[in-house]
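> Can you keep this structure in mind? I'll have questions shortly.
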Amino acid sequence: MFSVLNEIGNNSSFRTTSVVVTSVGISGFIYVLVAITGYLSFGNDVLGNIVGMYPPSVSSTIGKAAIVILVMFSYPLQVHPCRASVDAVLKWRPQRRSESPGRSPPRDTPLLPPSKPGGSARPDSIGETRFAAITTAIIVLSYIVAMTVSSLEKVLAYVGSTGSTSISFILPGLFYYKISSPDSPHHQKLMKEDDDEGEEYSDDDADRTLLGPGGLKSGPWRRRILRRASLALAIYGLVVMVTCLVTNTFFIVAH
């Protein structure tokens, strides 16, 4: 999702919200449609792989082919950010507070700086040996998991209880709680950028900004509520993760 948002030319709040709502809405509609049709077909006897429960036919074959195409194209898309994340974790070193940069680059600065003339690699790029090693490790580990675990239902259950809750609830809440702290250097940088952008507004726009619902008069209490809500969201995600993990483990052991 972040890779898609970074590629949007006009990444305004309305455009990014439209992309998120459209993509999540379409995928959610398809998931709900498959779940409802599977329950109407098999009732309480439905299994994790609904497509495999249907008898051989043209429609079931199309569904199986769609799953093959999905895995074939989604795997490289998932390996790409996974490799970048693993490389970033391996390169990470604790940084002292005094070594933090004094100011952040402007928002229109590209995330990846242009390469130098002559085709020389950027200092933050992954070397060929490191690239091959991380990619090979990801492929080998995923192959071992695919050959060891025979139930797709178990894999989806644990991935949903850990990864989905972390991405949807825990990490967004913790990130906002950390950035919104008044003592956080990230918060101070964002406030400075907002002040710089605010100077470009006219007097009328400034009046509407100061006196509007989201202006400075209602800003402090609103930020406090959002900060507490973000912490509550992270705690809720932890509760959901623990509950789902315990439930999945209990059902696997029971069966």
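Cβ atoms are placed via backbone N, Cα and C, with glycine included.
Just so you know, TrEMBL annotations never went through curation; they're auto-generated.
Quick paste from TrEMBL:
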COMPBIAS  103-116  compositional bias 'Pro residues'
COMPBIAS  193-206  compositional bias 'Acidic residues'
DOMAIN    1-192  domain 'Amino acid transporter transmembrane'
REGION    95-125  region 'Disordered'
REGION    186-209  region 'Disordered'
TRANSMEM  20-42  transmembrane segment
TRANSMEM  54-75  transmembrane segment
TRANSMEM  131-149  transmembrane segment
TRANSMEM  155-177  transmembrane segment
TRANSMEM  231-254  transmembrane segment
> Taking residues 6+ outside the transmembrane segment (155-177), which of them lie with a CB under 8 Å of any CB in it?
48, 145, 149, 226-227, 230-238, 240-241, 244-245, 248
> Who are the chain neighbours of the transmembrane segment (131-149) in space, where the CB to CB distance is under 8 Å and they lie at least 6 residues beyond its ends?
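Same-chain contacts beyond the flanks: 75, 79, 82-83, 86-87, 155.
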